[in-house]
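To start, the structure itself, in structure tokens.
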Amino acid sequence: MPVATLLPFTATPNRKSVSPTSFRLTEKFILLLVFSAFITLCFGAIFFLPDSSKLLSGVFFHSPAVETNTRPGSDSSDPASANDERVLAKIRKDHEKALLEAKDTLQKRPDEIKQDILNEKEKVAKENTGQGGNDLPFVEYHRPPGATGHEPQDPETKEKRAKIKEMMKHAWGSYRRYAWGSNELRPVSKQGHSSNLFGSIKGATIVDALDTLYIMEMFEEFDAATDWVEKNLDFNMVYRRKAVELGEKLLPAFKTPTGIPWALLNLKSGIGRNWPWASGGSSILAEYGTLHLEFMHLSKLSGNPDFEQKVMNIRKVLNRLDKPQGLYPNYLNPNSGQWGQHHVSVGGLGDSFYEYLLKAWLMSDKADEEGKKMYYDALQAIETNLMRKSTSGLTYIAEWKGGLLEHKMGHLTCFAGGMIALGADGAPGDKTGHQMEQAAEIARTCHESYARTALKLGPEAFRFDGGVEAIATRQNEKYFILRPEVIETYMYMWRFTHDPKYREWGWEAVQALEQHCRVEGGYSGVRDVYASAPNHDDVQQSFYLAETLKYLYLLFSDDDHLPFDHWVFNTEAHPLPVLKKDKTDIPNEVE
């Protein structure tokens, strides 16, 4: 029985008319409670340990269930005796721990003991009312179809799909062997890699790879990953409880005059700030605009409307602002609510904002009309102001700086082909066919950026000026860090058209990855895709497992594997269920 349930008294330390006699009686009562708690702990050491039924039968009844509870192949000549010894040792250890805790408690002053009891009462009360993130509301779960998929019937496609699964096994196995618990792997030097990107949180590759492992039916590896998350993932201290816990720790980032969140947040102090290089202390469009799916999902998971309200407020702020040429600049000051430098990009700093407008509408089962309108209006502004054709007819999306176009397209921007294809069916008027054509043209341009390199891997950015097309001309744009965006577009284009060229292009990328990026200890990015031989950067990015390999696997899977009418991918390729109007498709089966 918890100590807090034994506390009916109403006396408080603040009461002024407390006589010495009544205080001594209260003190004796508290000591009685302490000893009651001690007895409870002693019994709890037996009755509330894991596998308590097996433990009790072994201790008191010498049950055969305990006698045989050893792994096959054990060298122990007396398994039951060994088990009993372990059980008794566990009880002795817990007994000693309870004694030490009781001793520590008795050494405290009476007022300290009373305050501890009051604190415990408050804690239990919060837990019982669902506050503090410990009691989440029940949410009925209807599993959307296609979380795993059957093997393709076509032998060649089946073989290629199996090859991509083997690539995942190599990437994951290398991480597990050389960098387990670190954020990422250094595959050449065979050690863990940490960067400032993840702050103090560890295990980014494990969290990022979870659903890829499940989708590929690598269940043994998935179990090892989930076990690590459950025991080690620390937010100062994914599963519904972990997700809600992190979401609650992120809420202080929104404490700005406008409600536009800070880019960086100290999880311990709750103090936020922006990147020092961002225009005038601005927040970044792709960061504050890429929260909608996750925060709407968190409100459903937790029953807490705060998450939904925070992201809907961001929309209100954006809708009030004048957009230059209908475009959204990458920088917005969270204090003044005004745009910073007028730099517009569908690649870095801006990309996933547009993606989330569309996907918010899709995840809502097409009920979010505001998100839909904002997306198609933005896409029209992008087509008018940023989309251009090269001399040879390659469609690209340029960047806009204060009214001047920079004829450069980033690898990150190549996701837009898939985005436009995904939204084409809901396009206003008769623009569905037009948008599918745009998507196909962007896919072709991005394929050309791969085909025109020595390693057949795409550069970080490529240009359309100075007599070149789809080629990187600056050294700091020639690297490839295992990015997924081109593969992502191939996957979407295959799903919507079944044109075999998209699988052919995807397989070209697989062959290039295997030839130039695969090393003994995993997969590495390369520093110059135009060099005759790869110079490895010695980093296996977590998104390689989360996105690149997942999209490749789905490219060679049947369409009923994670079907689009039931699932939406967030910007890191993690599938979220569509929130059907007639039922709540929210997973709560894993706490």
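From the backbone N, Cα and C atoms, a Cβ is placed for every residue, glycine too.
Under the heading Ca(2+) binding site, TrEMBL lists Thr571. Every protein chain shown contributes to the tally, and the Cβ of Thr571 (Ca(2+) binding site) ends up with 19 other Cβ atoms within 10 Å.
As annotated by TrEMBL, disulfide bond applies to Cys414-Cys446.
What TrEMBL lists as region 'Disordered' is 122-156.
Taken from TrEMBL, the feature transmembrane segment applies to 29-49.
Counting in whole angstrom, Cys414 (disulfide bond) lies 13 from Thr571 (Ca(2+) binding site) by their C-alpha atoms. Neighbour count (other Cβ atoms within 10 Å of the Cβ, all protein chains): 31 for Cys414 (disulfide bond). Same-chain residues at least 6 positions away in sequence with a Cβ under 8 Å from that of Cys446 (disulfide bond) are, in sequence order, His411, Cys414, Gly417, Gly458, Glu485, Val486, Thr489.
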